[in-house]
Amino acid sequence: MGTDGEALTLSTEEAAVYDRQIRLWGADAQQRMSTSRVVVVGRVRSNLGNELIKNICLAGVSSIILCSVNDVEGQGFLGDSLDEVRNSVQDINRFVKVDIFEGEEAAANEVKSSTAVCLIGFDSVPSIMSIAKSCRQGGIGLFVGECIGLFGAVFLDLGVRSYAEEDKDSGRLIEKVIDYTSYADTFDDMGVPKAPTAPGAIALGEMLRIKSNSSEDVEELTVAYARAVAEMYERTGVNGKQRLSEQHLRSFAHAARTEVPPVSAIVGGIYGREVIKYLTGKDEPLNNLFFFDAIRSTGIVECM
Amino acid sequence: MDTVISNGGLNGLGLKKVLVVGAGGVGCELLKNLGMSGFERVTLIDLDTIDVSNLNRQFLFRKEHVGQAKAKIAAAAIEKMLHGKCKVDPIVGNIKEERFSAKFFGEFDVVLNALDNLDARRHVNRMCLNAKVPMVESGSTGYLGQVTVVHPGKTECYDCNPAPVPKTYAVCTIRSTPEKPVHCVVWAKQLFELLFGPEDESNLLADLAKNDEDAAENGATPMAEGRSLQWDRKQSSEDFAERVLKRVFWNDVLRQREVAEETWKTRAPPEPLDVLKIAKQNADADAPTNLLDQLVWTKEQNAKCIFGVLKRFVERRNDEIGNIQFDKDDDDVLAFVTSAANLRASVYGVELSSAFAVKGIAGNIIHAIATTNAIVAALIVLETIKIVTIDQGTDPKDASLTTYVKRFPNSTRRGKFLVQTERLQAPNRACFVCSKGRLELEIDLSRKLQFLIDKVVRGNLGMINPSIYATTAGNVNIIYESGEGLEPDEVEMYESNAKKSLSDLNVGSGSTLEIGDISQSLNLSVLVTHNPALGSEADPVEFSVTGSIPESASAEAPSSAVEEEALQRSNGNKKRRRKDDGVVFVPTSKKEKLQMLSDMIEIE
């Protein structure tokens with residue numbers, strides 16, 4: 001983290017462009033952002049990938065490195081090919097340096113020299129476990145986001161993380177620490193939660209299983225989906241009236257294989273917000289799972 | 001959303017006609033989300049042009065677009081981004097113009113607000129009620145966001161809850177005893193408007209313009225009419241600057257020492273400042289030029305800056321004097337307000353502020369950021385999809401939601417919520433807009449009609465082109481009309497009426513005012529009570545507007561839970577708030593909702 005980057009100051013032009021956000025998070029935070037190098041790995045061309053990239057690009061990081069792995073065919077708004085995505089991102093904010101790479105090998109290299117690593121898709125990068133481990137070793141913040149139909153999630157592993165929080169009474173900044181559960185302790189090698197207990201985490205695990213299921217058998221998918229959704233609602237106390245019909249569940253099972261644009265925008269918004277918090281060292285970061293459910297328009301935070 | 005998917009998913013959205021009001025931070029994200037979700041027919045209205053400070057979040061705009069119309073650039077950007085799959089029809093204009101009639105609104109399946117001000121929100125709400133078109137309303141400020149839905153006649157409208165009240169300060173704190181930088185900034189803004197803006201009798205410093213300076217100089221407190229403080233067109237720029245600085249930072253300070261004598265027993269009295277002398281003695285000091293950095297200028301720099309900028313207005317912008325609006329993005333204005341506020345702060349021993357900070361305070365800048373805007377815009381689309389695909393016969397209260405985006409997770413029995421919802425409520429039966437509730441107005445009848453029009457009718461009731469009929473003891477008088485289609489002699493008559501006091505226009509205690517706005521299809525009956533104490537030093541509240549359920553409605557309806565709630569709300573409003581705030585309908589519950597709303601007064 002570039003807390004000691006006093007040598008750099010924002011140019012007048014940057015100060016004018018970032019004026020409104022500097023008023024929110026302060027010039028020191030903007031300064032730290034401008035020394036940050038963010039690596040985005042996985043389905044960077046998905047809509048969630050595009051949303052996240054747009055958000056951190058607007059925030060004004062120093063550079064964004066896009067490592068496309070097992071990517072989708074341009075489902076986002078930044079362009080179809082990786083080159084198009086790079087050009088669009090560059091166009092959104094010319095103060096940010098944008099680089100593109102393809103494949104896991106490049107990703108593994110780029111991760112080492114980054115400030116934060118943002119994965120798009122739990123199942124997009126087979127070597128996710130080794131990336132997670134090298135983040136832990138290097139003291140690099142790891143984020144993983146996913147959107148599946150009407151649901152989406154962001155997971156954070158920030159190691160032993162200290163952050164500054166304003167004391168309500170005195171207004172002074174107090175240093176606080178969160179000791180995160182590691183990715184390796186939380187997910188198995190397939191990128192599925194090991195032993196989820198909270199409703200969002202259980203649902204996420206089921207969604208991921210359904211998504212990876214190559215079967216065309218809707219019945220099978222529906223049953224799995226129903227189990228996941230019912231479990232989640234049971235635990236969050238949704239009453240019988242709001243239970244889902246068989247027909248709804250079938251629809252969801254289909255939707256589980258697509259991205260719903262507003263869902264990606266919401267999850268990408270929370271995702272971006274957390275990455276910015278991490279880069280600036282301000283505000284309490286989420287610990288450690290955000291789960292969004294578009295059926296009820298609710299976003300919950302759980303500790304896995 | 002469950003019903004949506006089971007009804008065939010996102011297909012069919014392309015046929016729906018959507019009106020988006022506002023192409024700012026939320027608007028840009030919203031257009032992208034609509035297009036990506038399959039909406040193809042979008043009309044976009046915005047009157048604004050692109051500023052460099054928009055570029056950090058309004059991602060459809062580029063540096064080379066600065067100065068161009070937001071609506072046009074946004075529409076072109078979306079067409080290009082989505083390869084023409086979504087057609088956006090841009091209109092550069094103000095949504096409050098009469099050409100955007102109820103018929104215009106009625107052509108859409110849904111209206112989406114991505115607005116940054118209260119007036120326009122209230123107006124669009126009324127137009128949607130008239131046209132019976134569902135509206136999605138939104139707000140985004142800092143890390144907080146909110147989206148809600150109005151189904152005309154079936155759920156609460158925007159005016160069912162009280163208008164958020166701008167934060168105000170006690171008159172004497174601003175005029176005589178400032179304690180914090182913000183007090184000095186408010187004062188400097190008032191001084192700016194006094195010197196360069198249109199005449200305004202409610203300016204807190206109005207007396208400053210009139211006081212005889214020579215008497216004041218001797219330490220007395222004369223109230224006799226003296227020469228005006230404004231530039232008199234024969235004065236040289238230097239004379240004007242000298243005169244203003246002397247009266248404001250020297251003579252008036254002496255007078256304030258006397259007026260607030262009691263205060264200075266417990267804190268240090270203000271020290272008059274010879275600004276002219278400081279400015280001239282320090283001729284070599286650098287006058288501050290950078291208005292964006294966060295450095296605090298010295299007293300000498302402030303003196304030099306204000307002397308320079310006062311002269312500049314006379315030398316270069318004299319044709320605008322008397323008609324310059326406060327604008328935080330006008331560099332001369334910001335330089336004036338910053339240096340005036342800081343010199344005021346020096347006089348009163350208050351800490352000085354940077355131009356950056358002054359701009360924030362004076363411009364009411366509530367920082368908007370890209371991530372919150374993105375979330376809010378997506379929540380708008382979720383609600384929009386539900387509205388346009390809802391089954392006939394479904395209660396909209398079961399389909400639509402109010403959604404809040406929070407800064408920190410809110411812990412509840414059911415979990416920690418970062419995005420949280422609330423059910424929509426039935427209309428407030430005491431609402432003067434959607435339920436035609438009755439209003440009572442307490443006001444000092446020696447106030448001019450212009451005051452009633454500006455502060456009550458436009459400010460509090462949110463009308464644009466009002467007409468006012470007064471009924472006193474059975475006689476009906478048309479005292480005011482506005483809008484298009486008036487004859488020149490009518491305009492002249494109403495202008496002259498505006499300068500008269502209400503009592504001169506035959507409005508008395510017990511009179512009823514029929515106040516209407518044809519474009520909003522809104523007609524109100526307002527019962528007037530004379531209260532000469534309002535707006536005095538003792539009671540700085542200038543007027544009060546309270547509402548109640550119409551007699552006919554409350555007599556017919558059984559005492560339901562809804563009515564109880566409405567009654568509670570209308571009873572709660574006896575409590576008075578500060579200046580400019582004729583409170584309407586203060587609910588006793590939903591504190592959080594109100595808090596959110598009042599946090600969102602002005603959103604950039």
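Every residue, even glycine, has its Cβ placed from backbone N, Cα and C.
In TrEMBL this protein carries:
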- B:6-397: domain 'THIF-type NAD/FAD binding fold' (DOMAIN)
- B:22-27, B:Asp46, B:54-57, B:Lys70, B:116-121: ATP binding site (BINDING)
- B:Cys172: active site, glycyl thioester intermediate (ACT_SITE)
- B:272-359: domain 'Ubiquitin-activating enzyme SCCH' (DOMAIN)
- B:448-533: domain 'Ubiquitin/SUMO-activating enzyme ubiquitin-like' (DOMAIN)
- B:549-561: compositional bias 'Low complexity' (COMPBIAS)
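Secondary structure at B:Gly25 (ATP binding site), taken from DSSP and collapsed to helix, strand or coil, is helix. Proximity to chain A, defined as a CB-CB distance below 8 A, holds for none of the recorded positions B:Gly22, B:Asp46, B:Asp119, B:Cys172. Separating the Cα atoms of B:Gly25 (ATP binding site) and the residue listed as 'active site, glycyl thioester intermediate' is a whole-number distance of 38 Å.
Put simply, B:Cys172 (active site, glycyl thioester intermediate) is 39 Å from B:Asn56 (ATP binding site) when counted between their Cα atoms. Under DSSP, the residue listed as 'active site, glycyl thioester intermediate' is assigned to a helix (H, G or I) in the three-state scheme. Summarising the environment of B:Asn56 (ATP binding site), the number of other Cβ atoms within 10 Å of its Cβ, over all protein chains shown, is 25. There are 16 other Cβ atoms within 10 Å of the Cβ belonging to B:Asp119 (ATP binding site).
For the domain 'Ubiquitin-activating enzyme SCCH' (B:272-359), residue counts in helix, strand and coil come to 48 helix, 0 strand, 40 coil, using DSSP. Within the same chain, residues at least 6 positions away in sequence whose Cβ sits under 8 Å from that of B:Asp46 (ATP binding site) are B:Val21, B:Gly22, B:Ala23, B:Gly24, B:Gly27, B:Ala69, B:Lys70, B:Ala71, B:Ala74, B:Pro90, B:Ile91, B:Val92. DSSP gives B:Asp46 (ATP binding site) a strand state. Between the alpha carbons (Cα) of B:Cys172 (active site, glycyl thioester intermediate) and B:Asp119 (ATP binding site) lies a span of roughly 29 Å. According to DSSP, the domain 'Ubiquitin/SUMO-activating enzyme ubiquitin-like' (B:448-533) comprises 23 helix, 29 strand, 34 coil. Secondary structure from DSSP puts B:Asn56 (ATP binding site) in coil.
Counting every protein chain shown, the number of other Cβ atoms lying within 10 Å of the Cβ of B:Asp116 (ATP binding site) is 23.
For B:Cys172 (active site, glycyl thioester intermediate), other Cβ atoms within 10 Å of its Cβ number 16.
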